[in-house]
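Asks: My questions all concern the structure below.
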Amino acid sequence: MGELGEHRASLLSNPIPEVKTLGELKQGQNNGNLDLESEPFGSHWLQGSKATTGRTSEEPEEEIPPEEMAGEELPETSNLDGPLQQDLEVEVVEMSHLSITERTPSVSTAKGRKKRSRRLLELAKPKTNWQCLRDRTGRCCKGYAWISPRKTNLQFCLYWPSVYWTERFIEDTTLTITVPVVSQRMEELSRPKRFYQEYYNNNRTTPIWSIPRSTLEYQASNRLKQLATPKVRNNIWSINMSEVSQVSRAAQMAVPTPRTLRLAKPRPPATLLEEWDPMPKPKPYVSDYNRLLQLATPKALSEKCVPDRSPQWEVLDVTKNAVASSRIISLAQPKIRKDLNEGYNPYYISPASLVAQASPRIYELATPKYITKKV
């Protein structure tokens, strides 16, 4: 409706000499002067505009389905449709009296007006008042309300129904949600199976499942009887442990050493914070002179030990007067070892390399490839 008003204002502010009113069209028909806006074009456009006006005011009420309202509709709803229809009729009638040569009406323009009027009618209707269901006692699910006898003042909620409900569902006519109808077969399958107490009664005359005669007359073998016998299990926790673990007489009469007694004593708890440090630290170096003397003392030999020879023996005169030869003196000299880079010449070339003659293949491989210059 806003676009139609703007278009009419632009036409009034900028008059076009070629625009003709309805009276001028009739006068032109009597005089026999036919223009571009003659009787066929003008009458067709006027009829189309009137037909569009009639459809605009009638079709939205027929096509739009009535929505079910949860509460009472506002009193202003019925008063809004009248002014809207009057405004639309005035706009279309005033536009029908004009004939524009530059811009002719089309089917898309009529459809746009129809959609806009339908949208205005949809926006004019008030929203559903959900607060009317606030104090209702019940649970709403998929178009049905389950009346709860215990809970009150429940908020309106939508959720999937439980398949374990066996109470009767009451149809809720206040909901505006379209849901599929549940068949009787689906309701029957959704209910849980009944607990038949007579099946498990001790005084029943017939068993739950009938046992065939061949099963009753069957004779079990010895192996089946052996496997069917339950195993005898001993409770190891009820046995006295003194009967299980027998201590030998030698262990009972054993005398522990001082080392064993010292290790058997529990360690005293740490008193300093440094002793609780889990990271081990190196011990300070302390030399024990007495311990060193003890280690330096040779071990005493047993009296029954007879050595091969006396630890003290005399040196022979021949050994004392011996003269070392030049070979022994040379072998007695330590080997002189050079440093890593001592006496090393990195530019030394062997004489064989100086005399060598290169073959044509070596010359070919030694020739560098041509390098193209970058432009």
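Every residue number used here counts from 1 along the chain in the order it is shown.
Cβ from N, Cα, C; glycine included.
Positions annotated as compositional bias 'Acidic residues' by Swiss-Prot: 59-75. Here Swiss-Prot flags S287 as phosphoserine, drawing on similarity to another entry. The annotation region 'Disordered' is assigned in Swiss-Prot to 1-78. Annotation comment: Swiss-Prot describes 110-129 as repeat 'THEG 1'. For 176-195, the entry in Swiss-Prot reads repeat 'THEG 2'. Marked as repeat 'THEG 3' by Swiss-Prot: 214-233. Here Swiss-Prot flags 250-269 as repeat 'THEG 4'. Annotation comment: Swiss-Prot describes 282-301 as repeat 'THEG 5'. Taken from Swiss-Prot, the feature repeat 'THEG 6' applies to 318-337. According to Swiss-Prot, the feature repeat 'THEG 7' maps to 352-371.
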Asks: Let's see if you can do this one: DSSP helix, strand and coil counts over the repeat 'THEG 4' (250-269), in that order.
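Replies: Split by secondary structure, the repeat 'THEG 4' (250-269) comes out as 10 helix, 0 strand, 10 coil.
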Asks: Could you count the residues of the repeat 'THEG 3' (214-233) that DSSP puts in helix, in strand and in coil?
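Replies: Tallying H, G and I as helix, E and B as strand, the rest coil: 10 helix, 0 strand, 10 coil.
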Asks: Can you work out the mean pLDDT of the predicted model over the repeat 'THEG 2' (176-195)?
Replies: 77
Asks: Run through the repeat 'THEG 7' (352-371) and tell me, per DSSP, how many residues are helix, strand and coil.
Replies: 11 helix, 0 strand, 9 coil
Asks: Can you tell me how many other Cβ atoms are located within 10 Å of the Cβ belonging to the residue listed as 'phosphoserine'?
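Replies: Counting Cβ neighbours of the residue listed as 'phosphoserine' within 10 Å gives 6.
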